[in-house]
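Below is one structure; the comments refer to it alone.
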Amino acid sequence: MSKPLEGIKIIDFTHVQAGPACTQLLAWFGADVIKVERPGSGDVTRSQLRDIPDADALYFTMLNSNKRSLTLDTKTPEGKEVLEKLVKESDVLVENFAPGALDRMGFTWERLNELNPKLIVASVKGFSDGHHYDDLKVYENVAQCAGGAASTTGFWDGPPTVSAAALGDSNTGMHLAIGILTALIGRGQTGRGQKVAVSMQDSVINLCRVKLRDQQRLDRVGYLEEYPQYPHGEFSDVVPRGGNAGGGGQPGWVLKCKGWETDPNAYIYFTIQGHAWEPICRALGKPEWISDPNYATAQARQPHIFDIFATIEAWLADKTKYEAVDILRKFDIPCAPVLSMKEIANDPSLRASGTIVEVPHKERGTYLTVGSPIKFSGLKPEITGSPLLGEHTDEILSELGYSKDQIANLHTSRSV
Ligand code: COA
């Protein structure tokens, strides 16, 4: 099966998570992604949180599948020359260095554009260009805090809380992938490359859109009727943390199921969506609630929503989370079990769909990773193991026209 991005060559000058997540996605879809890494050490994640001594850590292997690895010291004259050759032959350069690092290396946007006017230069930074924090180095949780996610996540009586989901890192990488693909289509129209920049703060803000909606509603009316604070609690002038309340206007909560006393994940998420109220009452054996004026509308329910959740929890007490969902799904009630990572790793449906995949690795044996969450009718991304450090250095140099002797000299000078 041919892959849509076949023939697109990408210089992957990324590290840690945000950039690698972007280029990995493009590699799955057929791009030739050449990961450029510092000789000797490579991407810092190769050695971070190792579970097998001396083997690439899962942090690296799970973000760098389907790529080739070229070691290159881009601060030596010889290394710079190799990079220049690569730039001339490539379609995209992706980087997520600290602000100014690429410029200090001598590869400003102007220089790259001069070397290859068709090149798309894609960058991740913590904050956007011109922002008053644009000199900062940024990691995941910093972005979650600066992007509004932390102030709106957690419980009202606790501190701002970050999410386990990589809203700052992988999410920014996904935004960048969209930017790169857009620029590639644009290049088809104009023949020219361009600079594509995504900041981690902006990417988090983009996912916190509904919280900005809520800020404006709060400014206007002084309360937010779907938050647990309504109608008994107090609102200040900023969007509060709403615990596990549903963000889209449907009240919902995480509810205990059978076994919660010993199993930290024996819970379901239960949503009380307006149109599902009748089936909910039937499923719970409470048909009298359907027409009771204290329960019949969302507005009538809100003042005692936690009593309703308590009644549902009583109904759940003798059902496992899976049994509960199996009953509720028959009534078309939006709900799901709270799944642990162990359950996700072993879920047969996720294995069958290719979302959780096992891939071979030269040093580790087989490891588990997340495959493509995007499914196509005409493409089944095949996930291959991540490259060893410098595994493809000689191969790539010879593709660039270097002779065996020249390659040997580059090794001797420690430029590759
Ligand atoms: N050859 C020679 N030098 C190399 C190189 C190579 N192949 N690859 C990297 N370097 C150099 C860089 O040029 C830089 O040198 P300089 O500081 O002298 O200019 C140096 O290595 C360190 O790079 P830097 O990006 O500053 O790494 P760091 O470990 O200090 O910071 C981050 C890490 C992630 C905080 C930082 O890169 C950053 O803020 N990136 C943007 C936001 C981001 O992506 N955050 C991470 C999300 S997972």
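The backbone N, Cα and C atoms fix where each Cβ goes, glycine too.
Pulled from TrEMBL:
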type: BINDING; residues: 15-18, Arg38, 72-75, 96-98, Arg104, 137-140; note: CoA binding site
type: ACT_SITE; residues: Asp169; note: active site, nucleophile
type: BINDING; residues: Gly248, Gly249, Gln250; note: substrate binding site
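Classification of Tyr139 (CoA binding site) by DSSP places it in coil, neither helical nor stranded. Residues distinguished by a CB atom under 6 angstroms from ligand 1 are absent from the binding-site residues Gly248, Gly249, Gln250. For the binding-site residues His15, Ala18, the ranking by surrounding Cβ atoms (within 10 Å, all protein chains) places Ala18 first. For Gly248 (substrate binding site), the number of other Cβ atoms no farther than 10 Å from its own Cβ, over all displayed protein chains, is 9. Over all protein chains present, the Cβ of the residue listed as 'active site, nucleophile' has 27 other Cβ atoms lying within 10 Å.
According to its DSSP assignment, the residue listed as 'active site, nucleophile' is coil. Around Tyr139 (CoA binding site), the same-chain residues six or more apart in sequence whose CB sits under 8 Å from its CB are Val16, Gly168, Asp169, listed in sequence order.
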